[in-house]
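Worksheet: the structure to be examined is printed underneath.
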Amino acid sequence: MSNRKSKNNIHAECLSQVQRILRERFCHHTPHSNLFGVQVQYKHLIELLKRTAIYGESNSLLIVGPRGSGKTTLLNHALKELMQIGDMSENVLQVHLNGLLQTNDKIALKEITRQLNLENVVGDKVFGSFAENLSFLLEALQKGNRTSSCPVIFILDEFDLFAHQKNQTLLYNLFDISQSAQTPIAVIGLTCRLDILELLEKRVKSRFSHRQIHLMNSFDFPQYLKIFKEQLSLPAEFPDKIFAEKWNENAHCLSEDSTVLEVLQKHFNVNKNLQSLHMLLMLALNRVTVTHPFMTSADLMEAQHLCSLDAKASIVHGLSVLEICLIIAMKHLNDIYEEEPFNFQMVYNEFQKFIQRKAHSVYNFEKPVVMKAFEHLQQLELIKPMERTSVNSQREYQLVKLLLDNTQIMNALQKYSNCPTDVRQWATSSLSWL
């Protein structure tokens, strides 16, 4: 009994480490795995960073590609390799900014000051402009001449959002410094906008080097399978070698399992970006426990089901019969008027036709009750108003549009427990009750 208990404790400890390592890999783009299909882009990026870090040469570059194409992973790989060269980790500074967080110049400047650990140097100094403040910060890092100054790598995530800020002051000053003989800096922007250069002001564009790296998900299914296996494998330095060997052997078996191959092929056909794969693996990893220590094909099938789940159709499963009836009435209105907007009164009239045809008093709700159910559907965002509601307009006559298509409605009704037969028949009828 005690042996089994100690074995469970060892398994629990190992699984805790597995969860930590893999979650970190899936969520934070940690540079563990090999890069696939981007060797040329990687070489270009690492050479540019080395020129800044080693030779004090300022540069600017944009990494452009759709979401999930591996922009952050590529950059993290390059930064990791750079920091492993000599004493680069001590001499090269990194400043990470995000367009979603640093929404104006003032916030960005505070974040730059914090990341460079220069709060004490700035103190209570008052600066006339953003450029003066930024120049002061970079001068504080200088040790003498250009080659011995401390290089700074600025990473601007969601770069296009910085382009929407007033006067593009941050971008202008960073690019301006990268063109002048001041502190050596590299400005690396990450964006999913292919038209990013069109967003830049003329003065900003003139100071940008126009270097761009484009990333596309160009790998095929065999490479996708290789990535799956590698992402799921534990590193060689994992403490428990025996457990790691078993885990990696299981990952290899999964990559050859016909059920898993079918799941991955379906996932690949829908969306082949790595974020989507990471989400699939994360959901499967959540099912791994002490009593179920290794991932199975069933876990991946369940994860695939959760990934492909229709959120709006899931909401329909929790609606009342009255709300279901209103959605069916709207479905018929869509069929009759060919997706044209409708109002509550039209939906109510359609619902009344159903009641009169069936002569069921059980569905005979008062109009205010039906109105309340209609408003609840609007709160759930299953229907949306076509125009802004005004104080004087009558609620019954405001135009709305249904945000569910016929397939979603019928699939949801199939899974709706205890749905009355006549309501189900009404939904499947091709014409409304006339």
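Here the Cβ of each residue, glycine as well, is placed from N, Cα and C on the backbone.
Quick look at what Swiss-Prot annotates:
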type: MOD_RES; residues: Lys7; note: N6-methyllysine
type: BINDING; residues: Gly65, Pro66, Arg67, Gly68, Ser69, Gly70, Lys71, Thr72; note: ATP binding site
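Locations of recorded Swiss-Prot features on the structure.
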residue : record           : Cβ neighbours (10 Å)
Gly65   : ATP binding site : 21
Pro66   : ATP binding site : 13
Arg67   : ATP binding site : 9
Gly68   : ATP binding site : 20
Ser69   : ATP binding site : 22
Gly70   : ATP binding site : 25
Lys71   : ATP binding site : 25
Thr72   : ATP binding site : 17
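Other than Gly65, Pro66, Arg67, Gly68, Ser69, Gly70, Lys71, Thr72, the residues of this chain whose Cβ falls within 8 Å of the Cβ centroid of the ATP site are, in sequence order, Cys192, Leu215, Asn217, Asn273, Leu274, Gln275.
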